[in-house]
Amino acid sequence: GHGKCDCGKCKCDEGWYGEACQYPAICNLTRKKSNEMCKNSQDVICSGAGTCQCGRCKCANSEENGLVYGKFCECDDRECIDDETGEICTGHGKCYCGNCYCEAGWHGDKCEFQCDITPWEIKKRCTSPDGKICSNRGTCVCGECTCHDVDPTGDWGDIHGDTCECDERNCKAVYDRYSDDFCSGHGQCNCGRCDCKEGWTGKKCEHPHSCPMSAEESTRKCQGNSNLPCSGRGRCECGQCTCFPPGDNRVHGKNCECDDRQCENADGDVCGGHGICSCGRCICQDGWFGKLCQHSRKCNMTEEESRSLCESADGVLCSGKGSCHCGKCICSPQEWYISGDFCECDDRDCDKHDGLICTGNGVCSCGNCECWEGWNGNACEIWLGKEYP
């Protein structure tokens, strides 16, 4: 919005520059404020691969070869260049954010090795009984599946089998790597299915035969209005929910339906200090709004100043998926999965377990799960905190 496109290149209006006319010539931000806006998740300005200009990163060589890019210059496609041939992914794959994704029949960090079997045979060997490549839980390399092991300790993980068809996580009533919680402690886990001991039944051996109600009735009582027993945040036994992790009173309710952790930001502030949390939702004070009461209704910026801070590197306002208020993007509430400073993220990309994004034990941040304290794993499905009582 600050120039004209001429033969594939931007000719910027006066006062703006950059390959997409995204940088103002005069900056109204302090250096400290500008640098804060340029820090990545590790607090490194422009990932050490660019310079910060008025709150936006200008990546190294961005106007020449474009191999360093991203909001914080976090993607460096120079990592994909093969030292011997000088080609990206040796011409046998595509590079995305510094990683090579190889064509069928090729493998290696730079797609430099060719498989000795045909692509058809590779696919055949890696196809699981349900027809998916490595059960969508692993990577196929030359006909062999490498399973995505979620165990951060490096021990034998929950996912195994020739085609990663066995997922032991399905046997867990609560996600605790360090306690014997397979099949609720009342059965044996075999390739993701529970074989219950005598006296116990249910998908995870959670239902005692001595219970006066059936397993179906117990589950129904634990579900309430949720699709999952105990809202996916607790253990159901004979129609009663025990919310987990135990002792954390932020998860509560008859069916563990209230998760007050959803009111906290990454720093643990509840409703930004501008509201109160009620069953996982913020009720904001007058003058504040937003999911976490993070937006002030007052604004001391001009419309032009505000819009300049809401434009992404390609010059689009809030990626076309939100509105701009006082220099910050408010993403479309109709599309719950859109997030990010510029509404550039799709939270549907976050890992799920038992049908819950981040297993309900963390928040989805720009397509990746950020787990609550004590939780780990791609989908925050592993409890690493204190032992359960």
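Each position is counted from 1, following the chain as shown.
Backbone N, Cα and C atoms are what each Cβ position is placed from, and that goes for glycine too.
Under DSSP, the residues of the domain 'Integrin beta epidermal growth factor-like' (34-74) split into helix, strand and coil as follows: 8 helix, 12 strand, 21 coil. The annotation domain 'Integrin beta epidermal growth factor-like' is assigned in TrEMBL to 34-74.
Sequence-distant contacts of the domain 'Epidermal growth factor-like' (80-111) (same chain, at least 6 residues past either end, Cβ-Cβ under 8 Å): 70, 74, 118-119, 122-123, 141-142. Feature annotation from TrEMBL assigns domain 'Epidermal growth factor-like' to 80-111 (among others).
What TrEMBL lists as domain 'Epidermal growth factor-like' is 263-293 (among others). Within the model, the domain 'Epidermal growth factor-like' (263-293) carries an average pLDDT of 90.
Among the features that TrEMBL reports, domain 'Epidermal growth factor-like' is placed at 350-380 (among others).
Look at the domain 'Epidermal growth factor-like' (350-380): DSSP puts its residues at 3 helix, 14 strand, 14 coil.
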